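Got a structure for you, questions after.
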Amino acid sequence: MRGLRGRVASSWRKMETGVDDAVSKSIVGKYFKFEERKTCFTTELRAGTATFITMAYIIAVNATILTDSGGTCTVADCSIPANQTAASPDCMFKPNAGYENCLSKTKSDLVVATVLSAMIGSFAMGVLANLPLGLAPAMGPNAYLAYDLIGFHGSGSMSYQTALTVVLVEACAFLVISGVGLRSKLARFIPDSVRLACAAGIGLFIAFVGLQIHQGVGLIGPDPSTLVTITACATTDPATGACLGGKMRSPTFWLSMVGFLITCYGLMKEIKGSMIYGILFITLISWIRGTAVTYFPATPLGDSNYNYFKKVVDFHKIESTAGAISFSHFNSKPVWVALGTLLYVDLLATTGTLYTMAEIGGFVDDNGGFEGEYLAYMVDSSVTIVGSALGVSPIATYIESSAGIKEGGRTGLTAVIIASYFFLSLFFTPLLTSIPPWAIGPSLVMVGVMMMKVVRDIKWENMKEAVPAFVTMVLMPLTYSISNGIIGGVAFHIALSLYDSGLRLVRWSNQMTKRVGKGQQNKLPPGAESMVEII
């Protein structure tokens, strides 16, 4: 038996070596510089697989978050009650078959849009910049778009169409900044404390979303006295999410907690794809009909979703989100604030992540640059234009790319393999759109956990650094606004900096006064100085 295993292993190694040698000597190997970067095809394949597994959660997570905005769905999509001539505006916030059906189609559109944008971005990064980095819609900006700008089911300050226009204009400005080489220079103007706190604040915001009743596990719900409270109730108001009875008795919540623990255990053991395993566990159980946790209840909508789910393999054509761009309400204060916020986040987060991944891969040279740097900056800024045209939030380099780099990924072929996996995902839309929110919630909380690690770099002993950082972090989840956190943090940094500026002004005034006094003494006539001393 051992001899057979040895022969099989030996044959496999020979085949692997043969494939590696053939690809290294081919046009593909020469284009991606296999020999120069000391890598091979099978290593790049493993690296691409590892990165895709760790970042594939974004397909369902991003679509779920953006669907919460309502997308292009309006009151016109609501079913009209039998005793009325038209649907009331609150139909978007109450159970309504017509509106929910529109949301279901929108989610399918956004799944495809997410996959396409990730596929195009990763492929472009691999072919043009020759770097092993995966790209996809960024966590943080998607929540900002859905819950801050558009609002839950369109209750925010602008429409879905206007928000996509903001993303498009911001992407064009970002592309110009990248093209002229100002990207890293502009990022240095932002205070370090606020920059670091932004990542942590966005993490708290995303985790807060993942804990809520409509978007996540359902642990947190509304309360008339304290605004929010623990719920996870057996029964809730379908419109408001308020608890109607049985706190901490929600079966979907406890299922989410088991999935969350699976993810935690996997990450503790550094198992690749741990977030995917947690999502899969919850989802597979939720797909069983006739249970308390089923995603397909015995309702008209549940039956419709189940019939689509049974197709398993299906190519969905984007119907509503692609090209949903409108400049009709562009010139307004919320739009300009959003434009500045997204540009700021892209300058800091996207640039920082991309550079960090280059450092982890060992591509950065002694001068602080790396091969393909300019093209990498151009790719990750231009792909956001494609994303806005498809209907999704800004695209960014993913920190999960480090999984592939640790597996030995050193060339753009890793990114091309990531893109290939995303392409295959296009044909499994029925499965991807049937992932329940209570399966997504734990992953959002875990993303928040991972984003909190930057707080260790904040100088908490220095109040000038600590206060703006704290204000930035706390305002984001508590005001349900990422922009409020950024504005508050920068404002406090400026206010506290005025003290130092005032001291410098006083010192300068004192120095000038002394110099003027000495100058006047030097101009006194002979003998006057002794008279001054006598007086």
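Any Cβ shown, glycine's included, is placed from N, Cα and C.
Caution: TrEMBL annotation is automatic and unverified by curators.
As annotated in TrEMBL:
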TRANSMEM  110-138  transmembrane segment
TRANSMEM  158-182  transmembrane segment
TRANSMEM  194-213  transmembrane segment
TRANSMEM  251-268  transmembrane segment
TRANSMEM  374-399  transmembrane segment
TRANSMEM  411-432  transmembrane segment
TRANSMEM  438-455  transmembrane segment
TRANSMEM  467-496  transmembrane segment
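Let's see these features in context: how buried, what's close, how far.
The list of residues near the transmembrane segment (194-213) in space but at least 6 beyond its ends in sequence, with Cβ under 8 angstroms from a Cβ of it, reads 65, 139-140, 143-144, 147, 187, 219-221, 231, 236, 241, 345, 348-349, 440-445, 447-452, 454-455, 457-458, 468-470, 472-477, 480, 482, 485-486, 489-490, 493.
For the transmembrane segment (251-268), the residues of the chain that approach it from at least six positions outside its boundaries are 216-219, 232, 234, 274-275, 277-279, 281-282, 285-286, 292-293, 436, 438-439, 441-443, 445-446, judged by C-beta separation under 8 angstroms.
Only residues 6 or more beyond the boundaries of the transmembrane segment (374-399), in the same chain, are considered here, and those with a CB under 8 A from a CB of the stretch are 51, 55, 58, 62, 66, 71, 109-110, 113-114, 116-118, 120-121, 124-125, 128-129, 131, 133-138, 141-142, 144-146, 164-165, 167-168, 170-172, 174-175, 177-179, 181, 183, 318, 320-325, 342, 345-346, 349-351, 353-354, 356-358.
Tertiary proximity for the transmembrane segment (411-432) is limited to same-chain residues at least six positions away from its ends with a CB under 8 Å from its CB atoms, namely 28, 32-34, 37, 39, 41, 44-45, 47-49, 51-52, 55-56, 59-60, 63, 108, 111-112, 115-116, 118-120, 122-123, 125-135, 308-316, 404.
Remote same-chain partners of the transmembrane segment (467-496), defined as residues 6 or more beyond its termini with a Cβ less than 8 Å from a stretch Cβ, comprise 140, 143-144, 147-148, 190-191, 193-194, 196-198, 200-202, 204-205, 207-208, 337-338, 341, 344-345, 455, 458, 460.
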